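*Asks:* When I checked Swiss-Prot for this same protein, it listed these features:
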type: COMPBIAS; residues: 1-12; note: compositional bias 'Polar residues'
type: REGION; residues: 1-20; note: region 'Disordered'
type: COMPBIAS; residues: 25-37; note: compositional bias 'Polar residues'
type: REGION; residues: 25-143; note: region 'Disordered'
type: COMPBIAS; residues: 40-66; note: compositional bias 'Basic and acidic residues'
type: COMPBIAS; residues: 95-111; note: compositional bias 'Polar residues'
type: REGION; residues: 174-207; note: region 'Disordered'
type: COMPBIAS; residues: 175-188; note: compositional bias 'Acidic residues'
type: REGION; residues: 201-329; note: region 'Mispair-binding domain'
type: BINDING; residues: G892, P893, N894, M895, G896, G897, K898, S899; note: ATP binding site
Amino acid sequence: MPLPSSQNSSSPGVKRKQSTLASFFTKKPQTAQQASVNVVEEKSPAATFDKADNQERAAKKDKALTDDEEDDIVAPAPKRVRTNGLYPASREEIPNSTSTTERPPALTSSQRTERFKFSSSPAVNTGVEGSQAAVELEAGQRQKEREELHHKFVRKLGGADCLIGIGRNAISEATPEEGAEPEDEEEAAPPPPAKGKAAAKKGGSKLTPMEKQVIDIKRKHMDTVLVVEVGYKFRFFGEDARVAAKELSIVCIPGKLRFDEHPSEASHLDRFASASIPVHRLHVHVKRLVAAGHKVGVVRQIETAALKAAGDNRNAPFVRKLTNLYTKGTYIDDAEGLGGPMPAASGGASPATGYLLCITETNAKGWGNDEKVQVGIVAVQPATGDIVYDDFEDGFMRSEIETRLLHIAPCELLIVGELSKATEKLVQHLSGSKLNVFGDKTRVERVLKSKTAAAESHSHVSSFYAGKMKTASAADDAQASSLLQKVLNLPEQVTICLSSMIEHMKEYGLEYVFELTKYFQHFSSRSHMLLNGNTLMSLEIYQNQTDHTTKGSLFWTLDRTQTRFGQRMLRKWVGRPLLDKSRLEERVNAVEELKNPEKTVMVERLKGLLGKVKSDLEKSLIRIYYGKCTRPELLTVLQTMQMIAQEFSDVKSPADTGFASTAINEAITCLPTILEDVVAFLDKINMHAAKSDDKYAFFREAEETEDISDQKLGIASVEHELEEHRSVAGQKLGKKTVEYKSVAGIDYLIEVENSSASIKRVPASWVKVSGTKKVSRFHTPEVIQLMRQRDQHKEALAAACDQAFISLLADIATKYQPFRDSVQALATLDCLIALATIASQPGYVKPEYTDHTCIQVDQGRHPMVEQLLLDSYVPNDIDLDSDKTRALLVTGPNMGGKSSYVRQVALIAIMGQIGSYVPAQSAKLGMLDAVFTRMGAFDNMLAGESTFMVELSETADILKQATPRSLVILDELGRGTSTHDGVAIAQAVLDYMVRSIRSLTLFITHYQHLSSMVHSFADQELRNVHMRFTESGTGTDEEITFLYEVGEGVAHRSYGLNVARLANLPGALLDQARQKSKELEEKIRRRKLAGLVTAVGEVIEGSKDENMIERLISSAEQL
């Protein structure tokens, strides 16, 4: 029956509902009509609307309306109409229902205010309540029917998470109902189920079980970026997601960043921000985060789907735990580490040492301020097991701390307790910037230090090593006991650091590294030359001063190693030149023998062996010791060590090596000693399974544990039952047997053709898994049950295989020391061959060593500049002797090569004591105990110290530490103040160095006045030398040619204007400077001439001054 209101569908008081798909599932917002429409509503449409309502109610008694697709008229819901007019009191009050729309007269302000009323207002006429109730009842019934239709439609589509459900939510959120009260029916409707993190209700604090897990772990590790395993991905949540997105360049889905219910986010965000990475890329992304300086934690699911399904907590979320923590220093889960593959010898990257350094300090006894402090350090390299410790007193310049930080170059610092201001500023300076001297930003962590830290630390360290002493084997008992006793007797500050470091490393599961007491080493053991921090930077030992990479450094020049562990050993050699003459001669003799053409065959054999070593054995061994090694890596390590040991299996004694050098013989003899143990471990492993990382077949059958065998038998039994079940399934289909199919990774599918008669015989209990137009694939109930049993056996087998592998690693770890010794022996051979390669270059000579302190070099060259220059380097001689000329006063023009010359002398001395050949025609070197440099000018703004203050402070440190066996280089001391003060200080320091300390000294200056000091040394302890040059032309055409040769005497001019011209300063400025320079020179010359005339007069008058004649001669030469 057509609706009565169809004729008046165009009436202004009603709206026709559109017949669209959205009408099924979108609740139409019932908004109030505009004032102009409501106020002018006519009687005729209203009467028609009432009539239609009455007819509809009569019709519904006979037939319920079930289809909402027909056109029906919907009046605006007048539940709580807020208009600028009020409801008509009754229908009679509406004038002329048939008249056309008339505009009412304009209302005054008071009238508008009076008529602005709601239906609930007491002023409203209650006569309208009857018709109002009828309208509300009709609207309610219509809404209820629409809701029923909507829920049917949603159920048919498949839930609120389908596309249309999402669309409905979007529409309803985009068009909220304004001014109307919420419908009771809508509130009563059950909310659609949400998935994952979306379960957190908007404006509420309800969290999913997995989110609760993440928050619980995060609260314990607030300083850690957590990577959480969720199914087939690893995910970051909250603030961690933002950090990961920035560092890894991945997408971050917006959401809450904070892990607390903070009002700023909780009110309008219902889930955490998140980012994700694939499982197989975990190690790549973790390495990038760690290299960026973050502390990263990996949270894994520690139960599998099959075991979870069989367990009691099948309905609970997966159990997750923090399984791994990584920082720069503790990242050892990758054989290559953070440094990546072995760089080329000419590469520019700085090799990371990977040291964690713990430091603590206290005021020195008798000092109440921070001027003198007692410092303790412990540095550990988890990737190799090396441990360095020291206890020392430091002055207000903190030069001792700086020296150790630059030598060790830690990638992480652990600070125990509060540091003094001076130390704190030094640490910030060395570790704060991206381009610091360590080559990268250093991670800094801090722990508190209690007042009773010393006693607590000693107790903690003692208990840590107590178990170690009990388990020491009889063979190693004496050595282990002595080493452990040495550890327990460490100084107080070192013990505090050691205790803190043990506790710190427990967090990463690496505390076992401290059980390797054999590798404890004292930093300040005076078995090597001291190179302080200033010297390391000034002489560019590890890094150049331009871009802080290794290219152009001494280490870069000497690094011809083929292995990573050999490279690390050479780095130690370069930073710690030997003081023991016998060890030094032993090393240089080994280099000489390897360089000998007669030994070419043996050397090539060694080079070939080193070339075959592709893995970093030292790091892999420590990973085995920690129990973190992978199966393919273990196979590689053992096979490589077997290859090394077998290469020299015929060597039974040092006489069998074919070399005369003791150092080479000891290294080669050490290699075959591990063969028996390595072969025994390899015999337990299935090579092909280990290569493919097949944990199930990793062990050979004879070596499998009982648990592994039981689980494999269980799997075999289940698979046998599955085979037998084929005939049972075939009988049900009317066949003798059926064949199992595997599709899309799903096994044991029974395939039935849709066109065959067998399809009608498929029992209802069979579960259809997949199908095509031609076939359908099923699982029988028996197959499902047996597959579940098989999966449980597989999971248990995987756990048993992992446990057996960990036990094998523990067995190999008991042989760590002999294996490490053999790797160290191979590293020694690598370093010696690298030095032999350097020695084979033209122009390199074997130095002669003497106990007498001297440096005598003929035609020496700068080792690094020579390699970087395309042109040939101009060689120079040097002759310093503690009994003859101990000091040289070096003068010369700017850019004349003074600094290169003095650096060349120091570098040749250092190379000689490393055990290397040196770039010269001949060299005789004494055993220097230290090289000190004071070069370059910079201020220390953080400490409020000027350039001159830094200059003099460093000079004061040198004067305290230098001995008669030291080489001291002072470059332009005194230039940071006025000329008179600068000359006075420079002269006093130089005199003190030569007369009192008696060090070998190279003193660069532009103060020609100092040249007269040579006359006060009768035995020529001090000599004047200058960098030679030639000048041509005069005035503006004057040109200087640098010869870069050292000559006797003094350079009376510095030719600074020549440098200004090379720097392209404006010509007018140069002319003015040249004029001023001439005026000043003429003025000084006149003064000298006047002094000379006076001196001549005194001589004529019969002065008895013995030095007068020499002064006259000197003055005449200067004129």
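Every residue, even glycine, has its Cβ placed from backbone N, Cα and C.
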*Asks:* Under a three-state reading of DSSP, tell me whether M895 (ATP binding site) is helix, strand or coil.
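*Replies:* Where M895 (ATP binding site) sits, the three-state DSSP reduction gives coil.
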*Asks:* Which Cβ among the binding-site residues (G892, G897) has the fewest C-beta neighbours inside 10 Å?
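*Replies:* Checked G892, G897; of these binding-site residues, fewest Cβ neighbours within 10 Å: G897.
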*Asks:* Apart from G892, P893, N894, M895, G896, G897, K898, S899, which residues in this chain have a Cβ no more than 8 Å from the mean position of the Cβ atoms of those residues at the ATP site?
*Replies:* M1027, F1042
*Asks:* I'd like the number of other C-beta atoms within 10 A of the C-beta of N894 (ATP binding site), please.
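*Replies:* Result for N894 (ATP binding site): 17 neighbouring Cβ atoms inside 10 Å.
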*Asks:* Using DSSP, break the region 'Mispair-binding domain' (201-329) down into helix, strand and coil residues and give each count.
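*Replies:* Helix/strand/coil tally for the region 'Mispair-binding domain' (201-329): 45 helix, 32 strand, 52 coil.
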*Asks:* With an 8 Å cut-off on Cβ-Cβ distance and a minimum sequence separation of at least 6, pull the same-chain contacts of K898 (ATP binding site), or say none.
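*Replies:* Those within reach of K898 (ATP binding site), by Cβ under 8 Å and sequence separation of 6 or more, are V890, T891, G892, D971, I1004, M1027.
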*Asks:* Quick one: of P893, G896, which of the binding-site residues has the smallest count of other CB atoms within 10 A?
*Replies:* P893
*Asks:* Tell me, what is the mean pLDDT of the region 'Mispair-binding domain' (201-329)?
*Replies:* 83
*Asks:* Including all protein chains shown, what's the count of other C-beta atoms within 10 A of the C-beta of M895 (ATP binding site)?
*Replies:* 17
*Asks:* Within the chain of S899 (ATP binding site), which residues six or more apart in sequence place their C-beta under 8 angstroms from its C-beta?
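*Replies:* In sequence order, the residues whose Cβ lies under 8 Å from that of S899 (ATP binding site) (at least 6 apart) are M935, D971, I1004.
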